[in-house]
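Peer 1: In case it helps, TrEMBL gives these features for our protein:
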- 1-50: region 'Disordered' (REGION)
- 52-82: coiled coil (COILED)
- 119-144: transmembrane segment (TRANSMEM)
- 150-170: transmembrane segment (TRANSMEM)
- 190-210: transmembrane segment (TRANSMEM)
- 230-254: transmembrane segment (TRANSMEM)
- 308-342: repeat 'PPR' (REPEAT)
Amino acid sequence: MARQDPNPFADEETNPFADNKSVPPASNSYLKPLPPEPHDRGAAVDIPLDSSQDLRAKEMELQAKENELKRKEQELKRREDAIARTGVVIEEKNWPEFFPLIHHDITNEIPIHLQKIQYVAFATLLGLIACLLWNIVAVTVAWINGGGPTIWLLSIIYFISGVPGAYVLWYRPLYRATRTDSALKFGTFFLFYLFHIAFCGFAAVAPPVVFRGKSLTGFLPALEFLTTNAVVGILYFIGAGFFCIETLLNIWVIQQVYAYFRGSGKAAQMKREATNSMSLGCVLLNVYGKCVSVSHARKLFDEIPQRNAVVWNAMISPYAHCGKIKEAMEFYETMDVMPNESSFKAIIKGLVGTEDGSYKANKFYRKMIEFRFKPSLITLLALVNQPWGGFG
């Protein structure tokens, strides 16, 4: 008969009346329970504590750092206040977004009534970039077709100097003028934007002055290229159209800015400031001279209390520029300061092509030598262009 294993879960059969001492202990009894784990609540943990000297040292170190931070914060605040008093604005470069080069935020910084003008002015800056890039493309094609490397190098020079020059000389002054309503910035814009308009108009025509005009995509070289290479001629015609559109937009911008400048009273404010500042007066006189507003320039000149040679030259140049050489010579004769080379240069340039221009130019050239002024290359070229063909 097979052996039956005892049920491990069954109750032990014990006889309460039996003598327990006579029963031997079982050899295969149940496992003894594990002893209870010690409870760790309230157990002593060995944590190293700093001494009072270490705590004092750390407290002093933290106090020193706090004082240093306060000092730097006060210094930074003083610098910000000083910058705010001088009117300098910290500009963060944010345009173009993929490679920020300049600070440009018309929407948030320009008054809403001037934003349209500013946007169109910015479009003319981008238009100039497009015109000069197309000029490089067209001149490169002309060079490949036998135009020579010189015109290509000139087209590169136009782009390298023209784009940053336009931004620094007239776009940034206009941006700051509309943002801060500065009369001086408006004057700087007018002065250099007129040169910009003149360049664009010159490029649209491209007369045969510099290397027969082929370094610029104007109408005259386009007509010349049509007889030899139709593709180059078409490229030049497209470039001439770009420069024409750019010139028209430039004229609209300067008209709108000047209308605001006059209507807002900035012109009168600038005149008042110019009478107290010779440098500002010279800038405004040059602006009037380039705009052929000689009568306004004369009124401003009469209001300037202190005049040096630069101020006198700034008044002589508009007369000579407008062909009023007689008035320019009268101004020279009434100068109460020592003339300089610019005084003679302005008159000699104005004498080109006038009646008795050769005699008068020779006279002023000799006076220039008497004052021990060395004539510049421009002055010598003006003398050579006289009808008599030279000077002696």
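Yeah, the Cβs are placed from backbone N, Cα and C, and that goes for glycine too.
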Peer 1: Report, as numbers and ranges, which residues of the same chain sit near the transmembrane segment (230-254): CB under 8 Å and 6 or more residues beyond its ends.
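Peer 2: Result: 117, 120-121, 123-124, 127-128, 130-131, 134-135, 137-138, 141-142, 145, 147, 190, 193-194, 196-197, 200-201, 203-206, 216-219, 221-224.
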Peer 1: So what's the mean pLDDT when you look at the coiled coil (52-82)?
Peer 2: 82
Peer 1: Counting by DSSP secondary structure, give me helix, strand and coil numbers for the repeat 'PPR' (308-342).
Peer 2: 24 helix, 0 strand, 11 coil
